[in-house]
Amino acid sequence: MWRLALRNALAHRARLALTLIAVILGVTFVTGSLVLTDTSQRLLDDQFRTATAGVDLTVRDAAAFDSAMGVEVERDPLPPTVVDQIRTVPGVATASPVVRGSGLLSTDKTAGGKAIVPSGSSLLASWEPAPVGAFTLRAGRPPAADDEIVIDAATAEGHHIALGDTITVQAERTAGLRVVGLAGFGGAAGLPGSTVGLVNLPTAQRLLGLGDGVTEVAVIAAEDIDPQQLQNRVAAALGTEYAVAASRDIAAASADAAKTQVAYLQLMLLALAAAALLVGAFLIANTFSIVITQRTREIAVLRAAGATGGQVLRSVLGEAFLVGITASIAGVGLGVATAAWLRSLAGAFGITLPDGGLIVAPRTVIIAFLVGIGVTIVSAIGPARRAATVAPVEAMRLSSASAATGGRARTVIGWIMTGLGAAGLTAVIAGPRSSVGLIAPVGAAAISVIVGLVLLGPAVTPTLARLIGRPLDAAGVPGRLARESAARAPRRTAATALALAIGLALISFMTVLATSIKASVASSYKEVISADYVIESARNEMLGGLSHHVHHHVSELAEVAVASRLRYGHWKDGEATRALTAVDPATLPEVASPRMVAGGLNALSGGGIVLAESVARQRHLAVGDSLPMTFSLTGTQRIPVVGLMLDRDAHALSTDYLISLDTFSENYREHVDASVFVKIANGVSDVAAKKAINGVLADYPTAQLRDQAAAVAGRTLMIDQVLGMVTALLMLTILIAALGITNTLALSIMERTREIGLLRAVGMTGGQMRWMIRGEAVLIAALAIVLGVGMGIAFAAGTVAALGSAIEAPLVLPVGRLLIIVTVAALAGLLAGLLPARRAARLDVLTAIAAS
Amino acid sequence: MTISIAPPLSPQSGSTQSGSTQSGSTQSGSTQSGSAQSGSAQDGTAIAAQACNVVKIYGRGDTAVRALDGATLSIPAGQFTAVMGPSGSGKSTLMHALAGLDTIDGGQVLLGDTDLSRLGERQRTLLRRERVGFVFQSFNLVPTLTAAENIALPLTLAGRRPDQEWIDELVAILGLADRLRHRPTELSGGQQQRVAVARALAARPEIVFADEPTGNLDSRAGEALLSFLRRAARELGQTIVMVTHDPSAAAYADRVVFLADGRVVDELSAPAVPAILSRMASLDTSAPAYATKTATKTATKTAIDSALDSVMDEEK
């Protein structure tokens, strides 16, 4: 039977070709995602390991936690005495003070004075020769004088900076420095997505405003001592005020923190790959079931000749195995090739990944093969079982495509599941808005609807196809025939349409949900924030990244009545990491009008916290209770709850937890602002105010003055980026589904050869024939559009309702975008029908009539 | 194969030696002397279609088969003509050529005054739709359309409004009135063929071609269908050409034309079964070359054989 499977697969290679492509695309996606994320993670590991390669121990100020949401916490600087103290510990070979911070580089005024804003960080650090320093000189010499700097070779090349040029460094203080050397990092010319500025220790301390403090001390152990033992010794000598850690561990922890974003990306890519594979599975199942229907006689003959049902089953599955393994081989190859492309796609949508050689882990190959072969075989099981039940006597019958609509049980279960899902969604949508997460029920309802429709498909497709296809009647007989042809093979039409519908449902779901959330963000911002302008950093940094000098200068302007700033911080809530916003209770009411449910904003100045209403309810907290919060700098503190705010209004301030700036500075070392809200003085024109503010901002290249619309756009940028990337990748499912339409029609034309011959004989022109087939393709697409976009909107409505007061989003239907989706899907259907239509029109009339 | 429109060869003098030919000599005069260029026969009857020296070759080189080898034939309008011949004699090929279903490699085919050999694929399709009706042996109907829709198919394809009175009349004569809303699968074989006949006649074509229309029917249904075809010719003036190998079916026709070796070799007017049988017998014996070719060609395999072959030899 194996030989038969092989021969059949080869004989039907034309019929299986599109199936093969569908599996290949899915496997490619999986492989590409894994290769990309593996590579990114390995590169991050390498990067952090290189950074600490020559150092055994790192001494820093103690902190409750090292990083939150991928951002390393800021620590208090160490006094210079600590360095001397460490040097006295026996077993320490060298102890070098290191200063590190961030400093924006700008090209010299004579060269345009443009700020160099990388997608990642702008590192400013003290120069240390190897082995402590990880940077190696590629040209020039180390920075010796206070006005000298070494920058990374990549930045120098990218911005045409040469040795001897002057560049501006902007940190706590701003200075013009002369480039005396160019450095590389390991084998690379710089750090990915970053700029590097290296100056001597005093200059670094001066620019970063550290006085004589240092960021950390790098310790190298003597040759005869175990670093672990030395770690204990140094720790004992310094006491608990300072943290002593193996540099290797710090590198690993930093890499892990940096990898969290990659992990999210991996999850998203794999979920999208799963969607593509699911759509591909429909195509595979459809192809096998059509091929088997066409081979019924042949199978019956085999059965008559003595083959058992099991042998037939295995033969079909064997064929599926061959398709799966072929597709996996091709998919793995293509996937590796695609990984680089995926990286640039992620980059285009704002996710920067390190650049470097690709890593193909054995695990990736194994997963790709398991997925490719598994999906194909699982999809072929249904058709294979049907093949095994072919009775020998069917060899004697003239078999034709069965109009089977699926069993009664299948239909009944389908109705029940669709009904339950729809009822669940309706209940969530129509029900009271609750603050408790109803996301899980919505997900379950969505899956129930999809599974229900898959089961129900064959039973309802004829009616649906005739209904939706009614406009085709305008095209005369070819249109009618297209409609009837789709209705006649309900199982096939349903599977083909549902594959496309799932892709469309995902896209429209994402679109509607994103639009609704954006609308919610926009409306709550506009309701709560009354400031005329807001100043924010153009860099999309986790904590905002706006220099605190901006607030100082802007508030001194005569044109500005009030400038109130916001700071973001992270804290640990047990194991979980949460974000908070710090505000100035005195000036905030002048630029924003958040509605309180209990307590007042003023009470914040006493060192308390205001909670979003729903958070307080979940935690069973009321005004007067206290909330334990762990800060990196100060450890766990109990903060008294002094007020409750409407969720929606708190979200306009990007938070569930609100403290005062004073409380913030007690517990945080971070001193960058997230936003500065500006209210202009009475009698000052917009133009004058903008001019004055922009004059101040000229010295802060990343600071932007935004009006309300721009501020909202800044807040929804990430939603747009994720939506854009997901939509781009989901187009792959549309492509696979369109291939499915081509496949189904091509196979159905083979089956209908005589009918086509007859139609041509009695006078159907080639053109009419082409329109008939294209009409059927577009009808399948239309079915998918109705089901898919319908499902997408319904799921989005359910999700929006389930998010309830958390976002309090009204359901917003982006009509324009949905129309684009509909148009793209219809065009995909039309294109999918082109080849089969051409083929049908070119069938030789006589051969077609004579075909048996 | 000269591509000429010169007067055709006499089939009798060219290829038949058998003594049985003389019985056809009286009638055959009209075909032989009918000028291929003219639109009407000598005796004044209008000519619906004619083939002149038609050559059709399948394959190339050594394996080439001359399916039609100078076939010449006139189809008088308003008559029911049967075309007979042994398997492989070219009768189906001739019909396909006359109906514009197939191209020819030499000679000329006229439908009315239209030279089919000059038409392109699209023009031939339009010609079939407007001027020709078909009844095939099987699979005559589009399964997704009702009987009524199938009957109107050529008209609706052409975007023409069916002549409802005429169709009602056809339906009544064919006894299909209560079957119009049924789909083909819900009709008996005889009913299906009658729907096919109604469709063929619905557009009032110049000529109707029927290819073994009774081949899949039992004798009663077959007789009913043949009676109707004869009525259509006699009472409605419909020109009909039927290809058949069944002498009793051919006996319904006004005239039988015999083909052998890709040529018209004989014909009979007002044929009766015994006369047809004797002509056929003489054709078979007079064409020994065909006997062997036919034998191999007709050695049809059983379904099991061919299916087994397809599994073992793989599909092409």
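Heads up, residue numbers simply count up from 1 along the chain you see.
Backbone N, Cα and C atoms are what each Cβ position is placed from, and that goes for glycine too.
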Task = With TrEMBL as the source, identify the stretch among A:13-33, A:412-432 annotated transmembrane segment.
result = A:412-432
Key: Positions whose Cβ lies under 8 angstroms from the transmembrane segment (A:778-803), at least six residues beyond its ends   = 422, 424-425, 428-429, 431, 433, 437-439, 441-442, 445-446, 449-450, 453, 461, 464-465, 468-469, 472, 482-483, 486, 493, 496-513, 516-517, 737, 741, 744, 809-811, 813, 818, 821-822, 825-826, 828-830, 832-833
Inquiry  = Averaging the per-residue pLDDT over the domain 'MacB-like periplasmic core' (A:17-236), what integer do you get?
reply    = 88
Tertiary contacts of the transmembrane segment (A:722-750) (same chain, 6+ residues out, Cβ under 8 Å) = 15, 18-19, 21-22, 25-26, 29, 268-269, 272, 275-276, 279-280, 282-283, 286-287, 290-291, 294, 345-346, 348-349, 351, 401, 485, 489, 492-493, 495-496, 499-500, 502-504, 506-507, 510-511, 514, 756, 773, 776-777, 780-781, 784, 824-825, 828-829, 831-833, 835-837, 839-840, 843
Remark   = Across the domain 'ABC3 transporter permease C-terminal' (A:272-390), DSSP labelling yields 99 helix, 0 strand, 20 coil
